[in-house]
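Novice: What TrEMBL records for E:3-152 is domain 'PurE'. Per TrEMBL, substrate binding site is recorded for E:SER11, E:ASP14, E:ARG41.
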Number of protein chains: 8
Amino acid sequence: MAPKVGIIMGSDSDLPVMKEAAKILEEFGVEYEITIVSAHRTPERMYEYAKRARERGIEVIIAGAGGAAHLPGMTASITTLPVIGVPVKSRALNGLDSLLSIVQMPAGVPVATVAINNAKNAALLALRILSIKYPEIAEKLEKYMEDMRRTVEEKAKRLEEVGWAKYLGEDD
Amino acid sequence: MAPKVGIIMGSDSDLPVMKEAAKILEEFGVEYEITIVSAHRTPERMYEYAKRARERGIEVIIAGAGGAAHLPGMTASITTLPVIGVPVKSRALNGLDSLLSIVQMPAGVPVATVAINNAKNAALLALRILSIKYPEIAEKLEKYMEDMRRTVEEKAKRLEEVGWAKYLGEDD
Amino acid sequence: MAPKVGIIMGSDSDLPVMKEAAKILEEFGVEYEITIVSAHRTPERMYEYAKRARERGIEVIIAGAGGAAHLPGMTASITTLPVIGVPVKSRALNGLDSLLSIVQMPAGVPVATVAINNAKNAALLALRILSIKYPEIAEKLEKYMEDMRRTVEEKAKRLEEVGWAKYLGEDD
Amino acid sequence: MAPKVGIIMGSDSDLPVMKEAAKILEEFGVEYEITIVSAHRTPERMYEYAKRARERGIEVIIAGAGGAAHLPGMTASITTLPVIGVPVKSRALNGLDSLLSIVQMPAGVPVATVAINNAKNAALLALRILSIKYPEIAEKLEKYMEDMRRTVEEKAKRLEEVGWAKYLGEDD
Amino acid sequence: MAPKVGIIMGSDSDLPVMKEAAKILEEFGVEYEITIVSAHRTPERMYEYAKRARERGIEVIIAGAGGAAHLPGMTASITTLPVIGVPVKSRALNGLDSLLSIVQMPAGVPVATVAINNAKNAALLALRILSIKYPEIAEKLEKYMEDMRRTVEEKAKRLEEVGWAKYLGEDD
Amino acid sequence: MAPKVGIIMGSDSDLPVMKEAAKILEEFGVEYEITIVSAHRTPERMYEYAKRARERGIEVIIAGAGGAAHLPGMTASITTLPVIGVPVKSRALNGLDSLLSIVQMPAGVPVATVAINNAKNAALLALRILSIKYPEIAEKLEKYMEDMRRTVEEKAKRLEEVGWAKYLGEDD
Amino acid sequence: MAPKVGIIMGSDSDLPVMKEAAKILEEFGVEYEITIVSAHRTPERMYEYAKRARERGIEVIIAGAGGAAHLPGMTASITTLPVIGVPVKSRALNGLDSLLSIVQMPAGVPVATVAINNAKNAALLALRILSIKYPEIAEKLEKYMEDMRRTVEEKAKRLEEVGWAKYLGEDD
Amino acid sequence: MAPKVGIIMGSDSDLPVMKEAAKILEEFGVEYEITIVSAHRTPERMYEYAKRARERGIEVIIAGAGGAAHLPGMTASITTLPVIGVPVKSRALNGLDSLLSIVQMPAGVPVATVAINNAKNAALLALRILSIKYPEIAEKLEKYMEDMRRTVEEKAKRLEEVGWAKYLGEDD
């Protein structure tokens, strides 16, 4: 089956962050592809990737990059698909540069930006987008949020019962 | 026809910014609704709006808010629809507070954040999202980008021909 | 005896920070409850918690959260009790996002914000608030401040006597 | 009747901001006093004010200051009353300096910080604090929030009915 | 004569800033061309421009852009010519976003970044670059700096003679 | 009499800010000189100024500059006199760049930095420095602070008497 | 002999930073005293310290503090001596809060601010101040700067001779 | 052969960052010199270095410095050669101070600023500058970019073939 989501990143050093997107899509059983596309080192490859994504069946692109992060915005300038940008935390400025480089796009070319390093949310946003077309994904999302709710409630119950000291293993 | 896009904002003082989203949707002929939903002053209304949006046929929610901007994130925590957040420029901190309050969502609940005050891009992102389901919107987006391209090229041609001084009306 | 202070936090990962509030309340002998309430993952639980806090006898709520930290503000939008917000230090932006998300509340719904990660001060602020109703807490606060004063003076005296090198154990 | 709330500010240039606190207290019928107390130009006056506030019947202090804003924190170091800090917007740094100078207090001495220039919220926070002792204030706060809710809903209804263009007076 | 310097900008709204570069080049008698090339709205035009710049005789490219400013970095990723980036002041974040988007390029693809809105310095930097090949430009730069020096000294002399009040026209 | 204080600035556009220093020194009857010395446009002049300041009888140098503000630090690297730096508010970044360029000096070469645009405080700091040598300046400083105190107290008294509305001329 | 310089800090946790000031003063043979004075935990002690410093023979005060750092500014509001502020690096915001709390003092009360954590420069600034009264300190400062110069030149010479690889011990 | 590029830095503690520039120049076979020149500790040496660089055959200067980083800008104020500034990451503010101190130069004296700590890009920028005069360097730059492209493509191919888990060695 053709992948619905394309995960791209500027460098393989972004992979430990971006793999979280892949894991969520696997958990939801949604086909994806994952590869490296550098706006700065492979501009033609980026152009080709973005230009042909829709005709290849891709429906959402997740693009991660750090520093002067141009990959998400440039991809969005070539395709009309929804592009989700993941600002990867940078060494000096902690990802503030990545965030601003991705989110502050000029009128005309939007990038759907998520939190710094939050590739997991990029995948969940891709799933929300797909859910308007694929009802089964909407159902799985309902269940996912239900599970999150239950997990919090169970932890809350335990904390209420045992107190903070025991919960943290500091009670002796 | 039922609206596909719901535009909400925390206060009517956000309307001069958020109307740009409405104008784009009108230009594309996509049905939308627009109203005020305040996370802080009408939390129950917000809950109801988000909870029932999908069953009412809404497919994308655009939420604008400023300062400690909780509307987009709270809406996204109640619905599984894609929620687009517009950080409205705030008086003291120029929208940096709005941006961080909207984009830095914890893992589990994504908000698709666009640039500060850029409601136009929020609408264009909503259209990109809808385009995966409605091919006619994809076509209109192609045309929209083509028009942007042509406009730039025409301006470029004129600038090249007349020079910067004449272009700016400073040439005498 | 019913708890006077409710300590809530968005995630159990905030507990190592928030436990400092609990420790201060224990030190002052003020009843409290502590639990997990996530604005984003358990919005209904948050609503219920905030809605019923006052009738359950809670007089002050301390709410800690990080990143796009909506818990304190949303809680304050549902209850009329004083809500103290603790911005928990976030990984990428060191809590600047948490701080702005909590403190920059719009007119109408205040959150009493303390320093990043300073749950201890949140508890001391709760005690100052309670002290306007419970004179014995006012007395204990006087003593607490007196103790702080004395501790500083003793350290100062020792530093003056032994010098900085010996004080730091660097004098040989 | 003795004032319950003391509003102080570092300079009369802060009065156009701080008067909003006075107006809210007047609206709620809560006695207050308002004066100028400069941490830097009248340190002894500040000391006296803070030292004697509780014995004079003051129950909450609202302190506004800008730039290197020391008044709220210094006041809190002398009294055990709850002190609410209002960071006044500064000329160069837009109040970021005021905010950090007020909110980042060290462990031991809390200041309940509200948003930049948001003296209105400082008063509403003072009322929430007083509400734990004076039930009639709690009732008035409920009504205040109810009014806010209704105002938003009425505006929302009008916007839904007339559309954004008419709402903004741009419809011809 | 073929232009040695290409001045490009993302939008004609940048022209009032970027014209300062043109004026300096005119003052120095160095041929330049000036046009609009948008990374986001005309990505193919940008590609063509950058790809063919060197063969067309261009020796330095000055690229101005604001917000998520990708034009300088993308141009530098396609050509091996020196590319000078001018961060244009943006509405919300005053050009901090433009600056970080331009300067924080990853290893491999440098952009020579100048100060926010300082297109004049971009042109002077282009001239310094050209000066290593064209000795007459080096001479003109020496003279330019000498003139700057003399202007300052004349102003200094006048200020020393008449005093600050007369200098500012406040002396009566 | 030889001037004790040298006021220098990078450009005559800084004069409207820096004149405040001159006015304070005139008020205190302390001899000063004021001139323009640009680190970047007159580096040799700067070197000469700093190198000979002490032998000419100057005891404190006040240096104002904006943006990448190098004048105070470079002056301090050439003289052993105390150098006070005034970060002049810059157009794009509001003086944050000026402040960091002046205050963040490496170990070995200190600059006594005051608040952005606060040339008045630079002069008062120069007077405090001179006061350790000239007892009459210490006396005048005591009086100056006493006057500040009295002014605040008079304003406070008036505000207490007439209320905020009348004080602001809004009472009808 | 009575100390000329008073080194104070808000907490003994600042001592590892502040000791660098003591070491420089020892190296120059200038008498100093060092102690703990907390603006927030010992406000009366601070008042007494500042009030009596001049009469006790102190000529310069060095005050270090972190976070909402009020000690330098408050000390400067009570004494007319020159006060040097050392912003101590804070845990969450890396000392940006400390810096702004110290440097952004309102007109009337200056603090001579040095770089974050740079207590060494605070001492060197104190020495520059003292040097206007004590010529022998001026001479020692000349020698200190001469030594710094020589050290750099020796390192430079070695780097030029052996190359970067050998200099860093990476040459095999 | 005389060196074409001069690499200077404010302190030998910058060498681990700046050596990356040297390594690139070695890789390209371009002669360079590397030494220490401190604006603050050796101002005369800096003056001499900058003043005589062009006559000694230097064509580009790369200057690295941290904190209140004045070396690149001061060098550029003395020579007419192109000066590339490398903001070295500082301890407290992560290089934001270094970046602003270098990039925000006033009109008249440009510094070609690269990313924080990115000495590698400084060298590549120097090579781009030299390439307008030395065609063989242009060719080598083409090859360098081609190699970067190929490396990315090979990594991309491997990631596509083996998947993220195997690529990261997490697949068992």
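Sequential numbering from 1, following the chain as shown.
Cβ atoms here come from the backbone N, Cα and C positions, even for glycine.
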Novice: Which whole number is the mean pLDDT over the domain 'PurE' (E:3-152)?
Specialist: 98
Novice: Across the domain 'PurE' (E:3-152), what are the DSSP residue counts per state (helix, strand, coil)?
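Specialist: Across the domain 'PurE' (E:3-152), the residues distribute as 75 helix, 25 strand, 50 coil.
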Novice: Considering all pairs of residues in E:SER11, E:ASP14, E:ARG41, annotated in the record as contacting substrate, what is the maximal C-alpha distance expressed in whole angstrom?
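Specialist: The two farthest binding residues have Cα atoms 15 Å apart.
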Novice: Give the number of CB atoms, excluding that of E:ASP14 (substrate binding site) itself, located within 10 Å of its CB.
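Specialist: Neighbour count, Cβ to Cβ under the 10 Å cut-off: 23.
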Novice: Among all protein chains shown, how many Cβ atoms are found within 10 Å of the Cβ of E:ARG41 (substrate binding site), not counting that one?
Specialist: 24
Novice: Relative to the Cβ position of E:SER11 (substrate binding site), how many further Cβ atoms are located within 10 Å?
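Specialist: Cβ-Cβ neighbours of E:SER11 (substrate binding site) within 10 Å number 21.
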